[in-house]
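**Q** Quick one: the structure is below, questions incoming.
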């Protein structure tokens with residue numbers, strides 16, 4: 001029987017279009033205690049920087065109706081640890097494609113990380129993080145200007161032997177302009193959207209709840225924004241989009257495909273339910289059968305025009 | 001750890017904003033270590049979205065009954081306080097590293113110090129220590145008399161000292177005010193200290209007794225995302241970072257209990 005969930009994005013074969021989103025799944029160790037990660041279409045691991053990063057002070061999360069704000073601040077063990085310890089550990093999951101989210105403060109940082117992670121045998125793609133709203137330098141400063149975003153993409157493409165997805169920020173006026181700029185610079189695909197910049201205030205202390213003051217909003221609350229941006233961008237570019245932003249169910253996945261996504265990432269839902277990804281994969285197979293859809297790829301862009 | 005459903009069998013208010021919630025289910029049988037916690041989905045929709053960490057107060061393994069005592073402080077715990085018998089709750093448990101008890105021996109004296117909503121986990125801890133023949137003394141602190149709870153239950157396990165900030169119940173002041181020779185609680189009078197409560201209290205205890213090389217454990221609390229160690233929301237710094245070792249600990253999965261000297265508070 002044909003696998004109706006199979007997708008191919010920028011040459012990466014995935015048995016289903018579901019991956020945990022970067023920053024919401026660590027390097028997989030925690031969730032591997034709940035289920036076999038081979039069930040996933042791919043896994044996008046925590047942002048990796050050259051040196052270990054300790055991240056921001058706590059509190060780092062606050063809840064909002066239908067969403068959460070976070071300001072982790074790219075805490076990660078650093079490139080050497082990821083190469084020596086985390087990526088080899090993920091090799092036990094057979095052919096599971098690993099997407100490494102690459103972050104940095106300078107162009108050189110990004111280049112250094114990208115160049116190294118390509119060398120790991122199980123890394124299928126790079127996700128260029130130019131959209132983290134929670135770090136003072138780097139991150140979003142690369143993602144809000146089409147020229148700078150394109151320059152960085154070009155530099156990464158020079159050193160990368162694997163596909164490069166650029167993770168776009170929703171915190172811009174014209175996301176289409178940035179998407180087109182990075183496509184022209186050679187990006188193989190896009191990830192969208194990253195979190196929306198937000199804030200909550202504690203009524204007792206009269207201070208922002210998050211120590212960093214602002215945080216990135218994720219969860220079901222941002223889904224309509226993601227759908228709109230993917231719908232707009234996907235009609236203007238010819239590269240695949242990994243859609244994300246509040247996905248909680250198979251219906252959400254189908255909606256993202258109809259907006260123009262070719263694969264999806266599940267983020268905050270993992271925190272609510274550690275079994276979110278495998279549950280959605282099972283539901284999706286059943287839903288497509290119900291709708292008489294032979295291949296989920298048929299749904300990409302179904303809502304265009 | 002795993003995720004599963006439990007059934008609410010009782011829920012009552014026992015002090016100002018404090019609720020005692022009892023649930024029953026298969027997962028409860030796995031909650032063998034005091035100081036661990038459960039992560040509860042409060043309500044069924046997306047508001048509140050995230051789970052809430054709630055400490056384990058008591059476990060009846062035979063009947064698979066879990067008792068939790070929590071304070072209805074924010075949106076999630078207010079929703080949880082409205083739970084009714086027969087209702088199903090989605091829980092993730094048991095989570096975290098709890099209080100170490102298996103190294104304790106008959107005849108030792110343990111000091112259990114709790115502040116406010118940090119008091120409940122000391123009950124299950126006290127029961128397990130007593131089962132090992134350890135003498136248990138409780139020192140529990142609250143803001144005011146209307147917030148005091150669990151004193152009778154704790155009294156069945158050992159000697160108790162109640163402290164309130166305004167003096168409306170027990171001794172006036174802070175828990176540290178009763179840790180004196182006059183009360184038989186000078187450092188030489190006990191072998192190990194376990195504590196759960198507000199950060200300033202834990203800081204005072206660690207600062208004082210770590211210097212004296214006393215064995216002690218503190219249980220920390222922080223806003224959490226996932227509860228299993230993936231999201232890195234609830235981290236704290238280690239006290240003396242060593243070359244090549246991680247500079248932080250995750251409260252949800254490395255803790256919530258840490259030995260004196262492990263982390264900065």
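Glycine is treated like the rest: Cβ placed from N, Cα and C.
What TrEMBL records for B:52, B:53, B:54, B:55, B:69, B:70, B:71, B:76, B:77 is FAD binding site. Taken from TrEMBL, the feature [2Fe-2S] cluster binding site applies to B:226, B:231, B:234, B:252.
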**Q** Quick one: of the binding-site residues B:52, B:69, B:226, B:231, B:234, which have a CB under 8 A from chain A's CB atoms?
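**A** The answer, in sequence order, is B:226, B:231, B:234.
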**Q** Using Cα coordinates, what distance in whole Å links residue B:52 (FAD binding site) and residue B:226 ([2Fe-2S] cluster binding site)?
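**A** Each residue's Cα considered, residue B:52 (FAD binding site) and residue B:226 ([2Fe-2S] cluster binding site) end up 9 Å apart.
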**Q** For the binding-site residues listed here, B:52, B:71, which shows the highest count of neighbouring CB atoms within 10 A?
**A** B:52
**Q** Measuring Cα to Cα, how many angstrom lie between residue B:71 (FAD binding site) and residue B:252 ([2Fe-2S] cluster binding site)?
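**A** So the alpha carbons of residue B:71 (FAD binding site) and residue B:252 ([2Fe-2S] cluster binding site) sit roughly 19 Å from each other.
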**Q** Measuring Cα to Cα, how many Å separate residue B:231 ([2Fe-2S] cluster binding site) from residue B:54 (FAD binding site)?
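**A** About 18 Å separates the two Cα atoms.
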**Q** In angstrom units, rounded to an integer, how far apart are the Cα atoms of residue B:226 ([2Fe-2S] cluster binding site) and residue B:54 (FAD binding site)?
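**A** Here the two Cα atoms lie 13 Å apart.
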**Q** Specify the count of other C-beta atoms within 10 Å of the C-beta of residue B:226 ([2Fe-2S] cluster binding site).
**A** 29
**Q** Round to a whole number and give the Cα-to-Cα distance in Å for the pair residue B:234 ([2Fe-2S] cluster binding site) and residue B:54 (FAD binding site).
**A** 15
**Q** Which residue among the binding-site residues B:69, B:252 has the fewest other Cβ atoms within 10 Å of its Cβ, if you could check?
**A** B:69
**Q** Other than B:52, B:53, B:54, B:55, B:69, B:70, B:71, B:76, B:77, which residues of the same chain sit close to FAD? List them in sequence order, counting a residue when its Cβ is within 8 Å of the Cβ centroid of the site.
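**A** Nearby residues not in the site list: B:40, B:68, B:80, B:117.
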